[in-house]
Amino acid sequence: MILDGKKLSKNILNNISLEIKTLKNKPCLAVILVGDDYASSVYVNKKIKTCNEVDIKSIDYKLDKNYKEEDLLKLIDELNSNDEVNGILVQLPLPVHIDTKKIIKKISAKKDVDGFSPTNLGLLLSNDTPYFYPATPLGIMMLLEHYNIEVKAKNICIINDSIIVGRPLAAMLLNKGASVSICHKLTKNLKDYTLNADIIISATGVLHLLDDSFFNENAIAIDVGICKKENNKLISGDINYEKVANKIKAISPVPGGVGPMTIAALMFNTLKSYKEKNND
Ligand code: NAD
């Protein structure tokens, strides 16, 4: 079975767009990109395009790669106190002269639609309800739920330990009763974890890291990885789809799986932020 994130995200975005038509004002997302990293600008442009499609107002800041950390902190301060803005998204990674943790910490937890702030991650880790769940893990949870894939009491292997994917996703799954292993580049014998897992979620960015020998026949695989090919084109995933798809129970493809679900989850969070502020 193919876990079709493209189709599901279209339904979610359609519902978001219909709901926005009933509101007094448009939700508003501030999108900040510092520098000219190719992949980051592709992601940011997709997010801005989707905002337009669902009628979320986006305020776009495409800033020079030398933009100063103190100026970025000031900009976030202004956006935090701007009543029109419901969500603030700072595209990662930031240039090395900027302290990412400092920037994320500055975003108000109530506008942190990416869900990376210490407040939101802390609430999640303490099995409390954060203001926002991080977009990629939320998109993955929505995908699993849509296909009625139970996570309670399942063995789940996540190959990624970042705050963008692996850590919050592990907490979300744990909070729902899954047994979770987090693997990463220092993990020895990755197959010991993947072969015993009911669900494998991979987000390494290593092209075709996993072939069919990593999965048991009942496995469900979620591919988050986006791998660059020589011509800078962003395609393909961590999982060798051709070799794996017919040998396991279900798989989410790249493209058309987690990518569109991440964007749908971001729009969902922005609308949620608007509704919580405005009681519309
Ligand atoms: P990251 O570099 O912070 O994390 C990469 C992870 O992969 C780390 O945990 C690292 O230890 C692990 N890893 C690397 N090589 C490995 C190997 N050989 N074996 C086992 N583990 C290995 O990156 P990130 O920001 O967390 O993103 C990870 C990937 O997911 C990237 O390809 C990124 O483009 C993609 N991503 C996709 C979406 C989406 O919406 N589809 C969203 C976020 C991230």
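Cβ from N, Cα, C; glycine included.
TrEMBL has this to say about the protein:
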type: DOMAIN; residues: 3-114; note: domain 'Tetrahydrofolate dehydrogenase/cyclohydrolase catalytic'
type: DOMAIN; residues: 134-277; note: domain 'Tetrahydrofolate dehydrogenase/cyclohydrolase NAD(P)-binding'
type: BINDING; residues: Asn160, Asp161, Ser162, Ile226; note: NADP(+) binding site
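Looking only at other Cβ atoms within 10 Å, the busiest spot among the binding-site residues Asn160, Asp161, Ser162, Ile226 turns out to be Asn160. DSSP assigns Asn160 (NADP(+) binding site) to coil, not to a helix or a strand. Annotation note: Ile226 (NADP(+) binding site) sits in a coil segment as assigned by DSSP. Residues of the domain 'Tetrahydrofolate dehydrogenase/cyclohydrolase NAD(P)-binding' (134-277) grouped by DSSP class, helix first, strand second and coil last, total 57 helix, 27 strand, 60 coil.
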